[in-house]
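Listed features, source Swiss-Prot:
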- 1-25: signal peptide (SIGNAL)
- N71: N-linked glycosylation site (CARBOHYD)
- N292: N-linked glycosylation site (CARBOHYD)
- N430: N-linked glycosylation site (CARBOHYD)
- 488-504: transmembrane segment (TRANSMEM)
Amino acid sequence: MAPSGCPPSLPLCVCLFLASGFAQAGRLLVVPMDGSHWFTMQMIVEKLSHRGHEVVVVIPEVSWHMGKSLNFTVKLLLVLNTLEDLNYHFKFFAHNQWKTQEVGMFSLLKHSGKGFFELLFSHCRSLFKDKKLVEYLKQSSFDAVFLDPFDVCGLILAKYFSLPSVVFSGGIFCHYLDEGAQCPSPPSYVPRILSKFTDTMTFKERVWNHLSYMKERAFCPYFFKTAVEIASEVLQTPVTMRDLFSPVSIWMFRTDFVLEFPRPMMPNMVYIGGINCHQGKPLSKEFEAYVNASGEHGIVVFSLGSMVSEIPEKKAMEIAEALGRIPQTLLWRYTGTRPSNLAKNTILVKWLPQNDLLGHPKARAFITHSGSHGIYEGICNGVPMVMMPLFGDQMDNAKRMETRGAGVTLNVLEMTADDLENALKTVINNKSYKENIMRLSSLHKDRPIEPLDLAVFWVEYVMRHKGAPHLRPAAHDLTWYQYHSLDVIGFLLAIVLTVVFIVYKSCAYGCRKCFGGKGRVKKSHKSKTH
């Protein structure tokens, strides 16, 4: 009998709901990337686990932020490097950005970033040498692989176990998105990654955009040489990066058209920008006190991301000087040496609740490195930005926000205290910046489904249907000349030329018959009269 006060059908409905949930539960292999990439991916993984799926996450034993969780199974990968090695390679890369910003992909990946990527690639080799782990993964009979393609290993695992895959990324290096998803990317109006161009390019910029694409095709195979060698060794057959990317079932990107410029998409591409945004939580007593003490001037939130903890002393002092010139209270997440000229209005903290502070009514501006997480938290909370991009897609993100009139971009190498002061005063006092960011916030929030729910749906979709082959374009099966219809153009051109040739020959023959014969008759007639 149903409990008193409850509808008789309620327990039955609950049982049916739970039964259907368990019936749909599956097994998911997750191959993430460390750092800020993991923060948003973890949200999806945890929700999938809460929905009853058996989730297994493979992570290296040495990492910054990835660790054990009670919500899903973690398999540790034994690696040769230590945490000190990881920190050394990343700090070497990050510190170089304060000396000379490596804007182009060639310089970024070939120089300071090369050692860091080689370290990541080595993790994949270690994984396949762990026969016990590989056998466990093989026997687990997963329904799909949810992966970050940054280090390529997830793609190799998906191909090795012949599993459908869902890619989760902020963007794909090189031209492999064009080839892997067969997604058109016309260089005439789709800026290449790291180019800092907009979708409205001058002739000179379009030339450089085309050259960037050509450089990608020439250089990227060299950069991913180690990854391809590992894949070929593991799969026991020669493969290319295109071979690894082509089988992807769903491409999931941490962006949307509020940030991204309008461009072509494929049916298996999903935009989930702002997945890290959430309703601001009440501040702790410490931060609430800081905010309340700011008075009518409000606060400015300053963070260069979780991966940048130190700034060269001279640059830190320039920044501190600029911050001391504005009336707002500055909350600066910084773990480096305290600048000697730090003003009273600037508070250094080792950690801050960034989203919660940006969601406070007293937030006036946001100084950010333009990472996708920070950019979207700024958009969601409607806070204008002063952007100081350092590397990677941060340059492109800053350009997009600046183009939309929602912030000001500064070159961290060349900026002075005056530049930072003026930029802050501009975004705080010029109402257009606040109006523009509020408009973007309104556009971003006006959607039929939350990004997190959309991401979970598509992962489960691939698990249920063992992939999404009906969304795979036939372009994957065409050769390059078939894709561009060069064979059709050649065939039609041959027909046209043949017809023109026949018509020409026919006309020439007719002319000879008509006019050539009359000439001979007249000539013969004249000779007789003489």
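Note that Cβ sites are derived from N, Cα and C of the backbone, with glycine treated the same way.
Since we're looking at a predicted model, the values are computed, not measured.
DSSP classifies N292 (N-linked glycosylation site) as helix under the three-state reduction.
Rounded to a whole value, the Cα-Cα separation of N292 (N-linked glycosylation site) and N430 (N-linked glycosylation site) is 24 Å. A gap of 46 Å separates the Cα atoms of N430 (N-linked glycosylation site) and N71 (N-linked glycosylation site). Neighbours of N430 (N-linked glycosylation site), defined as other CB atoms within 10 A of its CB across all chains, total 14. Annotation note: N71 (N-linked glycosylation site) sits in a coil segment as assigned by DSSP. The Cβ of N71 (N-linked glycosylation site) lies under 8 Å from the Cβ of E46, S49, H50, V55, each of which sits 6+ residues away along the same chain. DSSP assigns N430 (N-linked glycosylation site) to coil, not to a helix or a strand. Cβ neighbours within 10 Å of N292 (N-linked glycosylation site), excluding its own Cβ and spanning all shown chains: 12.
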